[in-house]
């Protein structure tokens, strides 16, 4: 399955989603590694099998297998961190902010790819998962590494398009 296959599954009520998928596929704001890593990480974070399969297939052959593995790791580790740190951020009891997380997250310091690319993928997944604390932390690392606002915005735009594709497919499944 490819992005074109995925677009063909998007119903007419979500025509804008199809058009956004096309724009995303041809977007050259990011490096290929950043772009296809986002496809994989956000496809997994969408929790939709069709979206995940299409975007992983789209990335295969365009980037090294290590990029795909690292993007999978970003989605996985953010699945954990986003839940934990969203709780810490939203809980009225501020004591949780001073407690050690006691969560293993070694992959963040050694992702097997460029750390900035991994941060970009982590930011996008954090946007999908709605963790403001994680969004701020990853955006801060990216800005300190001189990543442009346009690149950061592109990553979050990709995340929003990918999530909307998953929702469109779920909505179509109700018909």
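Quick reminder: no glycine exception, Cβ is built from N, Cα and C everywhere.
Summarising the annotation, Swiss-Prot assigns active site, proton donor to 131 and lists sequence analysis as the type of evidence. Mapped onto three states, the DSSP output places residue 131 (active site, proton donor) in coil. Counting only same-chain residues at least 6 apart in sequence, those with a Cβ under 8 Å from the Cβ of residue 131 (active site, proton donor) are 78, 81, 82, 83, 85, 86, 89.
Per Swiss-Prot, active site, cysteine sulfenic acid (-SOH) intermediate is recorded for 134. The Cβ of residue 134 (active site, cysteine sulfenic acid (-SOH) intermediate) lies under 8 Å from the Cβ of 78, 81, 82, 85, 86, 122, 123, 126, each of which sits 6+ residues away along the same chain.
According to Swiss-Prot, the disulfide bond annotation covers 131-134.
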